[in-house]
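Visitor: Let me begin by handing over the structure; questions about it come next.
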Amino acid sequence: MNNRVHQGHLARKRFGQNFLNDQFVIDSIVSAINPQRGQAMVEIGPGLAALTEPVGERLDQLTVIELDRDLAARLQTHPFLGPKLTIYQQDAMTFNLANWPRKWASRCVFSATCLITSPRR
């Protein structure tokens with residue numbers, strides 16, 4: 001099996017995709033985030049929804065920014081998350097957070113790879 005295929009998705013090297021799959025780590029992160037109903041939250045790089053699912057279960061709505069069009073489409077059709085999500089399919093490095101109304105997000109979830117720390121060349 002190709003180790004770049006995760007849950008039917010071929011990881012795109014140009015995006016530096018690595019997917020969180022350790023349940024202990026996922027549970028620890030969600031516990032630290034401690035999402036509560038009524039909170040507005042944004043997740044950058046939700047990928048295969050390892051954090052999005054458990055966080056989304058606790059929230060009424062969640063905004064996500066996902067660069068990969070295939071992963072954004074997967075999220076849009078997710079059985080229970082889809083209706084709760086506002087999805088921006090674009091590069092978080094070029095997304096202007098300054099234009100966001102305060103009500104959109106008071107907290108940010110982020111578990112992306114090192115590629116996001118510097119602009120693409």
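One-based numbering along the chain as shown.
A Cβ is built for glycine as well, from the same backbone N, Cα and C atoms used for every other residue.
Just so you know, TrEMBL annotations are computer predictions that nobody has curated.
Taken from TrEMBL, the feature S-adenosyl-L-methionine binding site covers Asn18, Leu20, Gly45, Glu66, Asp91. Here TrEMBL flags 25-121 as domain 'Ribosomal RNA adenine methylase transferase N-terminal'.
Give me the lay of the land around each of these features.
Guide: Long-range Cβ contacts of Glu66 (S-adenosyl-L-methionine binding site) within its own chain (separation 6+, distance under 8 Å): Gly45, Pro46, Gly47, Ala72, Leu75, Ile87, Tyr88, Gln89.
Across the domain 'Ribosomal RNA adenine methylase transferase N-terminal' (25-121), DSSP assigns 37 helix, 16 strand, 44 coil.
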